[in-house]
Amino acid sequence: MIKLTIDGQEIEVSEGTTVYQACTKAGKEIPHFCYHERLKIAGNCRMCLVEMEKSPKPIASCAMPVGNGMVIHTDTPMVKKAREGVMEFLLVNHPLDCPICDQGGECDLQDQAFRYGKGTNRFHENKRSIKDKYMGPLIKTAMTRCIQCTRCIRFANDIAGIEEMGAIHRGEHMEVTSYLEQTLDSEISGNMIDICPVGALNSKPYAFKARKWELRHTASIGVHDAEGSNIRIDSRGDEVMRVLPRVNEEINEEWLSDKNRFSYDGLKYQRLDQPYIRKNGKLVSASWDEALKAIADKIKSIKPEKITAFAGTLASVEAMFMLKTFLQKIGCNNYNVNQFDYKLDTTQRGNYLFNTTIAGLEKADLCLLIGANPRQIAPVLNSRIGGRVRAGSLKVARIGEGHNQTYKIQDLGSDLKILEELALDEHKFAEELKAAKYPIIIVGDGVYGRNDGHAILSLIHKIVDKYNIMRDDWKGFNILHNHASMVGGFDIGFDTSLGKLEDIELAYLLGADELPFDKLKSAFIVYQGHHGDIGATKADIILPSAAYTEQSGIYVNLEGRPQIAEKAVSPVGKAKEDIAIIKELADCLKLDTLVSNLQEIRTKLAKEYPIFANIGKIIDNKFAKFSSKDKLSKEPITAETINYYMTDVISKNSVTMARCVEAKQEMSSRGLSTGSRKKRE
């Protein structure tokens with residue numbers, strides 16, 4: 001440990017700590033622009049200057065490592081004068097257009113100029129002006145405001161892993177740019193907006209829409225993937241204005257994927273705002289009483305075993321639990337969250353989770369991707385993997401091509417024989433698995449989305465057992481889930497085995513839109529959802545429900561952590577919350593569902609399933625070796641790129657996401673997208 005004195009206070013810090021970090025530990029506020037705790041140190045804004053005894057000049061505290069016996073002063077006339085001088089230089093070419101800047105009210109430059117600036121300006125010459133750069137449909141630039149802190153450049157290189165930002169020219173003429181002025185290729189590019197300390201990079205969809213003090217903030221969870229990223233929904237009235245990340249060190253740190261951040265405008269379009277009943281082949285509007293009575297009458301006329309319910313990718317745990325309880329009351333035990341027919345083993349919780357945990361990736365030293373594409377399925381999780389690779393602490397190999405990652409990766413091939421050889425210790429990569437202290441295997445839908453998924457999964461379990469990848473001190477087997485509802489559905493047993501879809505007489509769809517509807521031609525379809533997607537067009541009765549921003553709900557992320565998405569705005573039109581709809585349908589059938597409100601549902605959930613008594617936490621889970629007698633096919637393993645920006649009913653109806661798709665297609669046609677070409681190591 002190193003001892004130093006800061007403003008008369010003696011503190012101890014570990015070796016390698018910077019003076020800035022030591023000052024922060026001592027409770028001192030040091031102004032800064034270029035420094036960011038998750039980025040490499042640049043030391044180019046000079047706003048963090050402090051006085052060090054025996055030094056003739058003030059030092060940049062963010063770049064100076066501590067030394068024994070250092071005496072630091074953070075509030076002397078020298079420091080005050082230095083900060084005023086730095087701020088004056090930073091504002092020399094700044095346009096000072098705060099009234100029309102989207103960053104106004106939440107701008108570091110604005111706040112620090114007020115606190116540390118001189119209040120007067122000696123510069124009377126003409127200011128420089130820089131042409132705004134094009135960075136795609138998500139980021140709006142005003143580069144004249146840029147103070148060259150280089151945070152965006154370091155984020156692109158160190159976190160996103162795509163070196164597409166940089167600086168050109170020197171001195172006063174320096175410009176931050178994306179070189180070719182093309183759409184940024186990263187799936188987490190929107191984070192550059194958050195870390196920009198001025199108004200140079202702003203959200204294009206949010207531009208000129210609102211001020212910070214007009215907005216109501218609601219804590220929620222990102223539901224467009226299975227990561228469970230913590231988000232903050234900013235709303236004005238009953239309109240969602242923007243979505244920002246919340247800090248959670250165990251999941252998303254402070255980053256957020258572009259889909260979770262920008263797809264909120266899809267909540268405005270193609271919404272179901274009133275019940276509909278199909279009459280004479282056409283859907284016509286109806287009252288709630290009429291729609292619920294029609295469903296109740298239909299249920300009474302059908303044998304319970306001929307009724308099946310499917311939950312969609314955005315269904316909350318409470319909604320699925322309420323629907324399951326309702327179905328059991330009418331004698332039906334057919335319900336499933338797995339509308340994609342993924343071949344997963346759900347007999348033990350550890351068999352379908354990301355057992356290493358997201359934060360646990362920081363400990364892994366070898367990663368084997370099998371049919372997995374984490375860049376598009378879990379972009380924030382992927383940034384953790386990339387950071388470890390670039391730090392030289394993790395090696396990544398993959399079985400299954402068809403995608404490109406943002407870090408160095410070793411291609412082992414795509415033949416199923418590779419897995420068989422690994423299981424028998426006959427492949428050269430086996431030596432690396434044996435040598436690794438903390439190896440992990442990540443299995444994607446390129447495996448469990450196949451018809452022979454169970455057979456491949458059985459083979460992977462043999463590899464896990466062979467190389468001791470799941471043990472008391474290390475959990476290295478991981479399933480990479482695609483959808484927010486899957487783990488929660490599995491946790492409450494909403495995954496009963498199904499018979500032939502052709503035999504179903506009534507299908508109750510809880511936001512399910514990805515079913516093989518050609519097999520449900522003879523079924524009476526009830527669709528409970530919030531968007532007019534495929535399921536709604538096939539339905540005989542539509543019950544309009546609330547989106548995730550319009551009702552409170554629990555979602556369990558891929559590592560098995562239950563979290564609550566709070567209600568931010570009211571449902572549109574005559575739409576109702578999911579549990580209210582199911583409760584009214586139960587009342588129509590004169591059923592006692594034993595629960596009448598959200599709190600009662602959560603209390604019952606916690607009693608029946610211990611995981612829901614630990615909101616925000618991960619519990620220990622059992623893992624059991626899985627074996628299958630299914631035969632392997634001869635098809636190679638692939639993990640093809642997907643339409644990342646459109647994977648659910650909200651993102652599919654987002655104008656912003658549509659613009660992203662168009663921009664990516666244009667880049668791909670020009671051969672500029674990293675997703676359109678493969679790199680091999």
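Just so it is clear, glycine is given a Cβ too, placed from its N, Cα and C backbone atoms.
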Cys146, Cys149, Cys152 bind [4Fe-4S] cluster 2 per Swiss-Prot; candidate in Cys107, Cys196 listed for that same site: Cys196
Three-class DSSP secondary structure - Cys98 ([4Fe-4S] cluster 1 binding site): helix
Cβ neighbours within the same chain of Cys48 ([2Fe-2S] cluster binding site) - under 8 Å, at least six residues apart: Tyr20, Ile30, Pro31, His32, Tyr35, Ala60, Ser61, Cys62
Integer Cα-Cα distance in angstrom, Cys196 ([4Fe-4S] cluster 2 binding site) to His94 ([4Fe-4S] cluster 1 binding site): 15
Cβ within 8 Å of the mean position of the Cβ atoms of Cys34, Cys45, Cys48, Cys62: remaining residues of the chain near [2Fe-2S] cluster: Tyr20, His32, Phe33, Tyr35, Ala42, Gly43, Asn44, Arg46, Met47, Ala60, Ser61, Ala63, Cys149
Candidate binding-site residues His94, Cys146, Cys152, pick with smallest Cα gap to Cys45 ([2Fe-2S] cluster binding site): Cys146
When distances run from the Cα of Cys98 ([4Fe-4S] cluster 1 binding site) to each of the binding-site residues Cys146, Cys149, Cys152, the nearest one: Cys146
Residues flanking the [4Fe-4S] cluster 2 site, with Cβ no more than 8 Å from the Cβ centroid of Cys146, Cys149, Cys152, Cys196 and excluding those residues themselves: Ile147, Gln148, Thr150, Arg151, Val176, Met192, Ile195, Pro197, Val198, Ala200, Leu201
For Cys48 ([2Fe-2S] cluster binding site), the three-state class that DSSP assigns: coil
